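Annotated disulfide bond per Swiss-Prot: CYS89-CYS168, in sequence order. Among the features that Swiss-Prot reports, N-linked glycosylation site is placed at ASN5. As annotated by Swiss-Prot, S-palmitoyl cysteine applies to CYS284, with the evidence given as similarity to another entry. The topological domain 'Extracellular' annotation in Swiss-Prot covers 1-19, 80-92, 155-181, 254-272. Annotation comment: Swiss-Prot describes 47-55, 113-133, 210-227, 293-344 as topological domain 'Cytoplasmic'. Annotation comment: Swiss-Prot describes 20-46, 56-79, 93-112, 134-154, 182-209, 228-253, 273-292 as transmembrane segment, evidence class sequence analysis.
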Amino acid sequence: MVSVNSSHCFYNDSFKYTLYGCMFSMVFVLGLISNCVAIYIFICVLKVRNETTTYMINLAMSDLLFVFTLPFRIFYFTTRNWPFGDLLCKISVMLFYTNMYGSILFLTCISVDRFLAIVYPFKSKTLRTKRNAKIVCTGVWLTVIGGSAPAVFVQSTHSQGNNASEACFENFPEATWKTYLSRIVIFIEIVGFFIPLILNVTCSSMVLKTLTKPVTLSRSKINKTKVLKMIFVHLIIFCFCFVPYNINLILYSLVRTQTFVNCSVVAAVRTMYPITLCIAVSNCCFDPIVYYFTSDTIQNSIKMKNWSVRRSDFRFSEVHGAENFIQHNLQTLKSKIFDNESAA
């Protein structure tokens, strides 16, 4: 049992070790498979790549980089010891924030790109290019790495109590929260969450408004249904994965800086923190769903793959059937010849 003292409030948070171990194991398996398949499709299957594909490739790479660090986290939360050194601890922490806010920003890029394509299809042609998409992706990487870097400087391994085990990902001192981390939280919440949230909701609303205009009613009903599904899936995944954690992170920083001192509030916030963090980490498994609903090219490629497999199976069965038919006729002919020779 682990009891933590936050000023004068005592609470138990030992459940987080089991929770993290189980959740990270599941995310590692599902995230590794789904994102490897996604990158394979992007690189080896897709013949035509557009600006949306560029954003999705970068999102998949971000997810995969984080997934590769999960075995170290799983080992730590299972054994409660970090034997991998201070540098790997820092890298793991940095990749966590890089992945989370990189995912948020890349999903926002996809949302803005869809908004421009549907609301301003002609005016946005000069903006929606692969070259500009690569520039935007470079800007996103620089932003999330720059925003995550300060956390690396304050994160380090330390000994736990009287035993020889090393700790990583554990609580920072209140002094560190008051001097550094509270400012980092303000920056990443504004740049990495609230602005993207506003952009996602605004862009999705504008797209829905455009689709309901009389001018667009003549569009194919199937295409409009696809866009509506795309928006619905996109917003559900965004809100489910990122809203709980980022709202709780604000409250958590207020608790750690002792702005909130009520013990019931402190216990509730610190209990919800590992739960919302696990939900946020699950975005690695849900992002491939966004790829499928966002890109017609991916859907068509998967359908073509399935069709080619079925067609090859059909051709094989045809050839195999023809061979059996020929062999049967030959056997019948041989039998007749043998019977005639015997009769003679």
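Placement of Cβ uses the backbone N, Cα and C atoms for every residue, glycine included.
Keep in mind that this is a model prediction, so the values were computed, not measured.
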Note to self: Can you give me the Cα-Cα distance between CYS168 (disulfide bond) and the residue listed as 'S-palmitoyl cysteine' in Å, rounded to a whole number?
What the structure shows: 22
Margin query: I'm trying to understand the geometry here, so how far is the Cα atom of the residue listed as 'S-palmitoyl cysteine' from the Cα atom of CYS89 (disulfide bond), in Å to the nearest whole number?
Written below: 20
Next item on the list: Answer yes if the transmembrane segment (182-209) and the transmembrane segment (273-292) have at least three CB pairs under 8 Å among residue pairs 6 or more apart in sequence, and no otherwise.
Entry: no
Checklist line | Spatial neighbours of the transmembrane segment (56-79) far in sequence, C-beta under 8 Å, 6+ residues away | finding: 16-17, 20-21, 24-25, 27-28, 31-32, 35-36, 38-39, 42-43, 49, 88, 91-92, 95-96, 98-99, 102-103, 106-107, 110, 137, 140-141, 165, 168-169, 281, 283-284, 287-288, 290-291, 294-295
Notebook entry, point to check: Which listed stretch (93-112, 134-154, 228-253, 273-292) has the most C-beta pairs under 8 A with the transmembrane segment (20-46)?
Noted result: 273-292
Item checked: In the chain carrying CYS89 (disulfide bond), residues 6 or more apart in sequence that have Cβ under 8 angstroms from it -> TRP82, GLN155, SER156, THR157, CYS168, PHE169
Next item on the list: Rank the recorded positions CYS168, CYS284 by the number of other Cβ atoms within 10 Å of each Cβ and report the first-ranked residue.
Entry: CYS284
Check: Out of 93-112, 134-154, 273-292, which stretch has the largest tally of CB pairs under 8 angstroms to the transmembrane segment (228-253)?
Finding: 273-292
Checklist line | Structural state of CYS168 (disulfide bond), classified by DSSP into three states | finding: coil
Checklist line | Integer average pLDDT (0 to 100) for the topological domain 'Cytoplasmic' (113-133) | finding: 90
